[in-house]
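Q: Next up is a structure, given as structure tokens.
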Amino acid sequence: MDNKTSDSSTPLLPTSYAANDAVDFHAEPSSTPTTLILTTLVAVFGSYVFGSAIGYSSPTQSGIMRDLDLGVAQYSIFGSILTIGAMIGAVASGRIADYAGRRVAMGFSQVFCILGWLAITFSKVALWLYVGRLLIGCGIGLLSYVVPVYVAEITPKNLRGAFTAVHQLMICVGMSLTYLIGAYVNWRILALIGIIPCLVQLLSLPFIPDSPRWLAKVGRMKESDSALQRLRGKNADVYQEATEIRDYTESFQRQTEASIIGLFQIQYLKSLTVGVGLMILQQFGGINGIVFYANSIFISSGFSESIGTVAMVAVKIPMTTLGVLLMDKSGRRPLLLVSAVGTCLGCFLAALSFVLQDLHKWKEFSPVLALVGVLVYVGSYSIGIGAIPWVIMSEIFPINVKGSAGSLVTLVSWLCSWIVSYAFNFLMSWSSAGTFFMFSSICGFTVLFVAKLVPETKGRTLEEIQASLNSLSSKR
């Protein structure tokens, strides 16, 4: 397909959409159809795989280093190469999901993950460990884009936020269970266990419908209507929603797919700024440094690493669950603002504890303050900024740029993740207090960014959100 973009003056929608954001195009079903719940559950098994892959390297470090005679530098390569693979997967994610479909993309990612887990399970030298970890990284790079996009495209507007946020909850569950199981089983057994959720999703994908919006995009209108009916329930009236999807899709048939370079047009400027900006601020707020190196933070502050790690898990899962429950009640913006303020406060408290330690004051109090700061940070992150940027990313881009835009946003997220993970130990060696003050400042800037630029997407269809953002951009 031609990748040349259309002229920025071309209207993205019929004017009735762009000017009429408040119209309720279709009534929402009074109950959630079983098919929709099961379909979402199948999709978020991919999120569980994502979480288990991230969590694998922590409980297995001593066993792998002992059995394969690896040094710290070699194991560091094993841990970090996952992010390199994820960047590769992110680059390809949008194109694969657009051309082959969301279900095929999820299946493709699980093949990579299964091969990766098998390579790790049977590895006898470091090279096969690296190959396996790289393959898993490619798989989760693809999953990190396609799962939230697929869930957003199949759910009605009154449930979309909560259902899409389950992606982050399942990442959290996958990570936590891998930590727990890894404390009791050998690293090879843990890798074999990692294959189970991959197989569950792979074998379940043929039984769920593909995205009605993707089907409409590729011209399979009858299949789109049929998939929508399955997802809304056999007795639901889907005429108005199907018509809206069809009209919106047809308005883009006159335009061609935008390449990543083609995204940098004024008509996409606001969507791109919001999507990329949230991902940069999410990662540069310090999450991966704090979570990956929590043990060393607690040791540096003088607190028990085992108690601190258990406390983090005890806070993370309930707060992520609370965020899912509040997503479609309070809205995206209020949760993001509360979350950003909380992460800012948490980093400030942690920084203050290191200042007190450097000054040799309140020695009994400063370790507890570090724990409180980390828990406030992790809890606040989990309730909003952990999940919501992925929710908004899945909502704000028009169908003709969703693949390219999604690849770019996901790539930026993984690149920033790698930068923070790589730099964190160097920053802590420079100044522990300074590192957390820097993170606190970035989280404070996130509050301003959300207040000024991020739109509220609660209770609006994808078509309404995209029409509003792009019509505003095109009028500039």
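All positions are counted from 1 along the displayed chain.
For all residues, glycine too, the Cβ spot is worked out from N, Cα and C.
In case it helps, TrEMBL gives these features for our protein:
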type: TRANSMEM; residues: 36-57; note: transmembrane segment
type: DOMAIN; residues: 39-458; note: domain 'Major facilitator superfamily (MFS) profile'
type: TRANSMEM; residues: 72-92; note: transmembrane segment
type: TRANSMEM; residues: 104-122; note: transmembrane segment
type: TRANSMEM; residues: 128-151; note: transmembrane segment
type: TRANSMEM; residues: 163-181; note: transmembrane segment
type: TRANSMEM; residues: 187-208; note: transmembrane segment
type: TRANSMEM; residues: 272-294; note: transmembrane segment
type: TRANSMEM; residues: 306-327; note: transmembrane segment
type: TRANSMEM; residues: 334-356; note: transmembrane segment
type: TRANSMEM; residues: 368-393; note: transmembrane segment
type: TRANSMEM; residues: 405-424; note: transmembrane segment
type: TRANSMEM; residues: 430-451; note: transmembrane segment
Q: May I ask for the residues of the chain that lie six or more residues beyond the transmembrane segment (187-208) and have a Cβ under 8 Å from a Cβ within it?
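A: Residues 38-39, 42-43, 45-46, 48-49, 52-53, 56, 59-60, 63-64, 67, 103, 106-107, 110-111, 113-114, 117-118, 120-122, 132, 174, 178, 181.
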Q: Check the transmembrane segment (104-122) against each of 36-57, 163-181, 272-294, 368-393 and return whichever range has the most CB pairs under 8 Å.
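A: By Cβ pairs under 8 Å, 36-57 leads among 36-57, 163-181, 272-294, 368-393.
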Q: With the transmembrane segment (163-181) as the reference, which stretch in 36-57, 72-92, 272-294, 334-356, 430-451 has the largest tally of C-beta pairs below 8 Å?
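A: By Cβ pairs under 8 Å, 36-57 leads among 36-57, 72-92, 272-294, 334-356, 430-451.
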Q: What residues in the same chain, six or more past the boundaries of the transmembrane segment (72-92), come closer than 8 Å to it by Cβ-Cβ distance?
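A: For the transmembrane segment (72-92), the sequence-distant neighbours (Cβ-Cβ under 8 Å, at least 6 residues beyond its ends) are 53-54, 57, 61, 64-65, 109, 112, 126, 129-130, 133-145, 407, 410-411, 413-415, 417-418, 421-422.
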Q: Which stretch from 306-327, 368-393, 430-451 shares the most C-beta pairs under 8 Å with the transmembrane segment (334-356)?
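A: Highest pair count goes to 368-393.
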Q: Please report, as numbers and ranges, the same-chain residues at least 6 past the borders of the transmembrane segment (430-451) whose CB is under 8 Å from any CB of it.
A: 277-278, 281, 284-286, 289-290, 300, 333, 336-337, 340-341, 343-345, 347-348, 350-352, 354-355, 358, 373, 385, 424
Q: Under 8 angstroms, Cβ to Cβ: which one of 36-57, 272-294, 306-327, 405-424 has the largest number of such pairs with the transmembrane segment (368-393)?
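A: Most contacts with the transmembrane segment (368-393): 306-327.
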Q: Excluding the flanking five residues on each side, which residues at least 6 beyond the ends of the transmembrane segment (405-424) place their CB within less than 8 Å of a CB in that stretch?
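A: Tertiary neighbours of the transmembrane segment (405-424) are 80, 83-84, 86-87, 90-95, 97, 141, 144-145, 149, 258, 260, 263, 268, 271-272, 275-276, 279-280, 282-284, 286-289, 292-293, 389, 393-394, 397, 435.
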